[in-house]
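Student: Mind looking over this structure? Questions follow.
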Amino acid sequence: MTSACTSRVTVALSLTTIARSASPATHAALSASLSLAARGVHTLPKLDYSYDALEPHISRKVMELHHSKHHQAYVNGLNAAEEAYARAAAPKEQIKLQSALKFNGGGHINHSLFWKNLAPQSQGGGELTSGPLKDAIVADFGSVDAFKKKMNTVTAAIQGSGWGWLGYNPETKKLEIVTTPNQDPLLSHVPIIGIDIWEHAFYLQYHNVKADYLTAIWNVINFKEAERRFVEAAKSS
Amino acid sequence: MSFLTTVARSATRAARPATRAVPAASLSLAARGVHTLPKLDYAYDALEPHISRKIMELHHSKHHQAYVNGLNAAEEAYAKTAAPKEQIKLQSALKFNGGGHINHSLFWKNLAPQSQGGGELTSGPLKDAIVADFGSVDAFKKKMNTVTAAIQGSGWGWLGYNPETKKLEIATTPNQDPLLSHVPIIGIDIWEHAFYLQYHNVKADYLTAIWNVVNFKEAERRFLEAAKSA
């Protein structure tokens, strides 16, 4: 393999490794998209629900812009960065491209996880049924309400743009709340639930009152997907 | 003298005499944690259609107010603690809210309605320096917009005066970090709250529009002050 080809494969493999932490149902699609990384052909994943399906908790307009404009821009940016990376002859040129790869690659990873961990109430969104995830949340946070409260407090406290995560720590084997700035992907933990706290995720609907967005979003969190990710993560570690 | 007062003094020194007293006084009261939201020199709708009334109202009365409140709370907590570890824990709250207060205070002053000269860069030392350092006014605006739009996350684009090179340069700061490496001449807020209600994801349109309401008179005052002091 040429060095350009190797570097693209390396980028693809690291993205694929991160994506594998998603549930089996989602990582197949995500991996397929990310395995094409060597050809720079990432694509915007389709949603499993329509833009208005998460109303009134997340508005149709927010969903439409967020998916078709913001996420699409990360996909386009990632493809462009990977094309440039494949052509970069020297480490210095490759290093110059790292921030574009991280920003757009992270944006693509994070939003792909996000759409999957949301669901309309008609598809079970908001409902955490008895099972291993609920047991782990109660064990690690005291109660489901205590978990949601902590997640919201930590996420709201991010100083700038970023993401709040419920993550599975493969070393402690516990669920923990962590944040990532800007579009940095979650690397220290297996992502279980991600919440986008960039202003574009809520501003048209909630303006400056991000606490209201964080309260509302729990009505459309896809706990079934979260449990799939958790069971997969607990099995692997 | 508090750190914030020092930073603020460099920013406010260039302000008009009628307004200079208010920001410096507000920041000198830092020890008592009584920063206040500065009044705007124009109505919320005065920058229409370039920046909407709704954005100005939320941006000033909610977002900037929150930084003022957060700064006061952080300073109160800081004054109550003697231990370095506790002080260090408070640094991020002081930087975020202090920076937010500084940055937005500069921002409101470097905006003006067209009826007050907003958007108009008249012949003079600032225009000369922009042409000298960027080639042309249009080249300067284009570079400022490109650099500001490229910020990966929330932050600010700045035209800054570099006291070492004595040149105007374009710089950025992430989140609410204040500009420390240069004297701020013009700041542009690129946090999504600054434009999203009106421009949605098309931040390039916001960046094109804002030049209609940049207060070049204030920018020139800051530049002259900075060039004198350097």
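Glycine is treated like the rest: Cβ placed from N, Cα and C.
The shown structure was predicted, so the numbers you read here are calculated from the model rather than taken from an experiment.
Pasting the relevant annotations from TrEMBL:
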type: DOMAIN; residues: B:35-112; note: domain 'Manganese/iron superoxide dismutase N-terminal'
type: BINDING; residues: B:HIS59, B:HIS104, B:ASP189, B:HIS193; note: Mn(2+) binding site
type: DOMAIN; residues: B:123-222; note: domain 'Manganese/iron superoxide dismutase C-terminal'
Student: For B:HIS59 (Mn(2+) binding site), list the number of other Cβ atoms lying within 10 Å of its Cβ atom.
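Tutor: Neighbour count, Cβ to Cβ under the 10 Å cut-off: 24.
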Student: In the domain 'Manganese/iron superoxide dismutase C-terminal' (B:123-222), how many residues does DSSP assign to helix, to strand and to coil?
Tutor: 45 helix, 24 strand, 31 coil
Student: Relative to the Cβ of B:HIS104 (Mn(2+) binding site), which residues of the same chain, six or more apart in sequence, are found under 8 Å away?
Tutor: B:HIS59, B:HIS60, B:HIS63, B:HIS64, B:TYR67, B:ASP189
Student: For a quick check of understanding: among the binding-site residues B:ASP189, B:HIS193, which residue's Cβ has the most other Cβ atoms within 10 Å?
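Tutor: The most densely surrounded of these binding-site residues is B:ASP189.
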Student: Taking the center of the Cβ atoms of B:HIS59, B:HIS104, B:ASP189, B:HIS193 at the recorded Mn(2+) site, which other residues in this chain have a Cβ no more than 8 Å from that point?
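Tutor: In sequence order, the nearby non-listed residues are B:HIS60, B:HIS63, B:HIS64, B:PHE107, B:TRP191, B:ALA194.
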Student: With DSSP as the reference, give the number of residues of the domain 'Manganese/iron superoxide dismutase N-terminal' (B:35-112) in helix, strand and coil.
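Tutor: Split by secondary structure, the domain 'Manganese/iron superoxide dismutase N-terminal' (B:35-112) comes out as 52 helix, 1 strand, 25 coil.
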Student: Could you tell me which of the binding-site residues B:HIS59, B:HIS104, B:ASP189 sit with their CB under 8 A from some CB of chain A, listed in sequence order (or 'none')?
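Tutor: The answer is none, since no candidate qualifies.
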Student: If you average the pLDDT over the domain 'Manganese/iron superoxide dismutase N-terminal' (B:35-112), what number do you get?
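Tutor: Averaged over the domain 'Manganese/iron superoxide dismutase N-terminal' (B:35-112), per-residue pLDDT gives 97.
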